[in-house]
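**Student:** What TrEMBL records for this protein is below:
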- SER121: active site, nucleophile (ACT_SITE)
- GLU231: active site, charge relay system (ACT_SITE)
- HIS303: active site, charge relay system (ACT_SITE)
- 16-140: domain 'LD-carboxypeptidase N-terminal' (DOMAIN)
- 197-316: domain 'LD-carboxypeptidase C-terminal' (DOMAIN)
Amino acid sequence: MMRTVKPSRLHPGDKIGLVAPSFPFPTKDTDFSNYHQQYVDGKKEMEKMGFELTEGKNLKKTRWWMAGTPEERAEDINLMYADPKIKAIIGHDGGHAAIDILEHLDFELIAKNPKPFIGFSDITNLLVAMFAKTGLVGFHMGLLSYTLGYVWHQLIRDESIIDHVRKTYTDLLTSTKPLGKIIPVTKWEKWRNGEAEGILFGGNLSMLVSLLGTEYFPSLVSLKGSILFWEIDNTPSYRIQRSLYQLKYAGILDVISGMLIGKMPDIKPTGWKGLYEPEPREIIMDIVKDYDFPIMAEVDFGHKNINLPMPIGIKTGMNTADLNLEFMESAVI
């Protein structure tokens with residue numbers, strides 16, 4: 001089994017580096033400049049957690065649909081890991097391009113200076129690659145502009161829920177005690193009975209399968225007994241089927257001990273007239289029918305929801321009897 005590497009815990013006043021590994025940062029010269037308010041609101045949330053933001057030097061560059069060249073985006077991350085004043089790094093947003101910076105990341109540098117990297121969606125590429133190459137815990141949780149800015153302030157807008165998750169984020173980053181049982185924000189679902197314990201591993205489903213077969217994906221041996229979590233959004237239902245079959249054929253479903261499925265907003269039907277359109281649950285359960293691992297779904301992580309943290313590499317327990325999810329060790333030291 002892979003050795004999990006935990007970064008040092010954060011303290012009030014610590015600096016967190018802001019990078020854009022994929023989608024461009026909003027500027028007055030782009031047609032998504034109205035997103036700037038999301039950044040402002042997200043920055044305020046980080047400050048409420050007690051941290052300061054430091055922007056990467058290439059943060060506001062653009063190239064095609066990306067925030068600069070692969071080399072520029074990777075440079076910001078490498079510089080953040082080399083800078084002792086930066087204690088953690090967070091992504092501004094997701095996108096469609098983070099995979100192209102993996103060959104430019106200095107994994108030896110990252111291994112020598114382990115720090116939390118925070119994000120999800122396209123950032124799954126970085127979290128999984130860092131875990132595979134260095135064992136570093138992956139902090140699968142809200143992006144600064146998208147989650148903390150847009151989702152929390154424009155979609156959720158419930159201060160009691162935001163306060164709860166803000167505290168959960170802060171505790172995960174600052175406390176050497178396990179978070180313990182995770183309190184649901186919405187109603188979770190039991191899709192197959194059972195309980196499991198193992199390291200937590202996963203991310204965005206599309207990004208996970210994009211890394212299969214590369215040096216940036218953990219070995220089957222290291223994932224034996226793990227609990228797989230995944231989320232996906234804004235996609236045709238057949239892509240869920242295709243991606244899960246990729247995991248099956250790669251042997252991933254043979255070695256896991258449990259599955260956690262997050263929110264799946266905006267799943268699109270194929271639109272073919274006269275054909276039966278199954279719901280995602282029917283598709284998923286058909287693919288996993290030959291396995292017996294427990295499954296919980298509609299868990300509070302993913303797009304367009306509050307996004308509870310899912311720390312990659314941390315010993316986790318799940319029990320469908322009471323829809324219990326428990327982080328059994330800390331994510332930091």
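Residue numbering: from 1, along the chain as shown.
Including glycine, each Cβ sits where the backbone N, Cα and C put it.
Can you walk me through where each of these features ends up in the structure?
**Tutor:** Its own atom aside, the Cβ of SER121 (active site, nucleophile) has 28 Cβ atoms within 10 angstroms in the protein chains shown.
A sphere of 10 angstroms centred on the C-beta of GLU231 (active site, charge relay system) encloses 26 other C-beta atoms. In the three-state DSSP reading, GLU231 (active site, charge relay system) counts as strand.
Under DSSP, HIS303 (active site, charge relay system) is assigned to coil, being neither helix nor strand in the three-state scheme. Using a 10 Å Cβ-Cβ cutoff, HIS303 (active site, charge relay system) registers 21 neighbours.
Along the domain 'LD-carboxypeptidase C-terminal' (197-316), the predicted structure has mean pLDDT 96.
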**Student:** Helix, strand or coil by DSSP: which one applies to SER121 (active site, nucleophile)?
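**Tutor:** In three-state terms, SER121 (active site, nucleophile) counts as helix.
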**Student:** Looking only at C-alpha atoms, tell me how far GLU231 (active site, charge relay system) is from SER121 (active site, nucleophile), rounded to the nearest Å.
**Tutor:** 8
**Student:** Expressed to the nearest Å, what is the distance separating HIS303 (active site, charge relay system) and SER121 (active site, nucleophile) at their Cα atoms?
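**Tutor:** Cα-Cα, rounded: 8 Å.
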